[in-house]
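The Fe cation binding site annotation in Swiss-Prot covers HIS95, ASP97, HIS158. The 2-oxoglutarate binding site annotation in Swiss-Prot covers ARG168. Marked as domain 'Fe2OG dioxygenase' by Swiss-Prot: 77-177.
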Amino acid sequence: MIIIDDLLTKDEVTQFRQQLASVPFNDGKSTAMGMAAGVKNNGQADAQDSRVQQLANALLSKLGNNPTVISGALPQRIFPPCFNRYSESQTYGYHVDAAIMRIPNTPDVLRSDMSMTVFLTPKEDYEGGELVIQTGFGEQKVKCDAGSAILYPSSSLHKVTPVTKGERIAAITWIQSMVSDQQMRETLFQLDQSIQSLVNVGTAEREQLDGLHHVYHNLVRKFSQV
């Protein structure tokens, strides 16, 4: 799991929420596939609304230019973001995201390697509504500040606990990575973050950094599928 702090600025979060306050939300079950429909109880912004499409495009632009998203996911394709809303008592039980998704209004499909939630409601404004992800270390509960995001493997079982007070609004999307192997993708992320840390602290010689960059890019070249 990768937490991305301040993916959106406070002003951007405010703009997103103001726009979403005026768009229609449909029953989230209408977009659930398979068994997920039986445990999904939320609202989802109408993806055909031009205002929602503008917000989705704005978020896509932010994702495509975020260094942590690029490093952690190595994106090949990103699904147009969806916006959901959980009011009091609404929840989404344990489910796994579909492996293959058709990109709306195109003949293209996407393999979901990584899932992302971008939190748009300040966490102090609602109770409950935690994203719970099953990992090899047990359940991990996530509730980020507004504007922050979490990136995690799409193969994970996960749920959103019932909102007991207030309202939770978030954006969700899925990413097809150039590196489909989860373990190798995580290793590449760790290597890249270590290189960036050495660059930032200025303790490594240029020759050493060149050597590490050489290893990193050759590993990406070997394991990527484009």
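Using N, Cα and C of the backbone, Cβ positions are placed for all residues, glycine too.
Listed binding-site residues: HIS95, HIS158, ARG168. The one with the lowest count of other Cβ atoms within 10 Å of its Cβ is HIS95.
Taking only the Cα positions, the spacing between ARG168 (2-oxoglutarate binding site) and HIS95 (Fe cation binding site) is 19 angstrom. Under the DSSP three-state reduction, HIS158 (Fe cation binding site) is assigned to strand. A sphere of 10 angstroms centred on the C-beta of ASP97 (Fe cation binding site) encloses 18 other C-beta atoms.
When the domain 'Fe2OG dioxygenase' (77-177) is classified with DSSP, helix, strand and coil residues number 3 helix, 57 strand, 41 coil. Apart from HIS95, ASP97, HIS158, the residues listed for Fe cation, the same chain places the Cβ atoms of ALA36, TYR94, VAL96, SER115, SER154, SER156, LEU157, LYS159 within 8 Å of the centroid of those Cβ atoms.
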